[in-house]
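Over in Swiss-Prot, the protein carries these features:
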{"type": "REGION", "residues": "1-40", "note": "region 'Disordered'"}
{"type": "COMPBIAS", "residues": "8-40", "note": "compositional bias 'Basic and acidic residues'"}
{"type": "DOMAIN", "residues": "43-85", "note": "domain 'CHCH'"}
{"type": "DISULFID", "residues": "46-77", "note": "disulfide bond"}
{"type": "MOTIF", "residues": "46-56", "note": "motif 'Cx9C motif 1'"}
{"type": "DISULFID", "residues": "56-67", "note": "disulfide bond"}
{"type": "MOTIF", "residues": "67-77", "note": "motif 'Cx9C motif 2'"}
């Protein structure tokens, strides 16, 4: 008879991705999508990180303490995106 303890269970939840070239905040593909969108259209290159944060909150019943890594991944993505846009010297619109 085996009982399941927290250390016996495997967490199959996704974890934030680490600096994968495909998930860069400001890749050439994301730059092209941002520059070709209409002015009234909203485009967030960090949408994947935002959705992962929401999924984490949903999985954990809204407990923000359980999702700190996801929030930090989103903040890092947003910061990287804004810094690259600033360095390029382009405006937001």
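Even glycines carry a Cβ here, placed using N, Cα and C.
Keep in mind it's a predicted model, so treat the numbers as computed, not measured.
Locations of recorded Swiss-Prot features on the structure.
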{"residue": "46", "record": "disulfide bond", "CB count, 10 Å": "21"}
{"residue": "56", "record": "disulfide bond", "CB count, 10 Å": "21"}
{"residue": "67", "record": "disulfide bond", "CB count, 10 Å": "22"}
{"residue": "77", "record": "disulfide bond", "CB count, 10 Å": "23"}
Residue counts (helix, strand, coil, in that order) that DSSP gives for the motif 'Cx9C motif 2' (67-77): 11 helix, 0 strand, 0 coil
DSSP residue counts for the domain 'CHCH' (43-85), split into helix, strand and coil: 35 helix, 0 strand, 8 coil
Distance, residue 77 (disulfide bond) to residue 67 (disulfide bond) (CA atoms, angstrom): 16
